[in-house]
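Q: Below are the structure tokens for one structure; questions will follow.
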Amino acid sequence: MPLLDSFTVDHTRMEAPAVRVAKTMHTPSGDAITVFDLRFCVPNKEVMPEKGIHTLEHLFAGFMRDHLNGNGVEIIDISPMGCRTGFYMSLIGTPEETRVADAWKAAMADVLKVKEQNQIPELNVYQCGTYHMHSLEEAQEIARHILDRDVRVNSNEELALPKETLKELHI
């Protein structure tokens, strides 16, 4: 099985909250696609609650588009990580990490402005696979966590696992 890019970085040295360019690739027509690791929690030390991350998934996708789309950038998808420590965001374009961090903070401020659970987009049996598994309160706690700690940039060079370590792990 091929080694995925996300497993070539040392999760024990990752800071959070932080932005990291996880991957950059080009389509056959030459468009740049960038995948960002938006790390909300320190790996193996913190985790987002399932209802909160699910609600955040519904809110974050729209709010990030409001603040980041334009000037050569268009978000394709924002999806939560299975480990519940962050989200992956795929987009067309190559925005600077600081631009992504600013949009992320603005999106978190927007999450805090949502007043009631019924304002969560697509919160119904037709558009959500687990529509009863939501918590606006938990999503807002996550947003406060980000805004209270600010957003840094994680560098791939600083986080790269040495080849010897990968060999020891039989990868």
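Quick reminder: no glycine exception, Cβ is built from N, Cα and C everywhere.
Relevant sequence annotations retrieved from Swiss-Prot are reproduced here:
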type	residues	note
BINDING	HIS54, HIS58, CYS128	Fe cation binding site
Q: Quick one, of the binding-site residues HIS54, HIS58, which Cβ has the fewest other Cβ within 10 Å?
A: HIS58
Q: According to DSSP, which of helix, strand or coil covers CYS128 (Fe cation binding site)?
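A: Its secondary structure by DSSP: coil.
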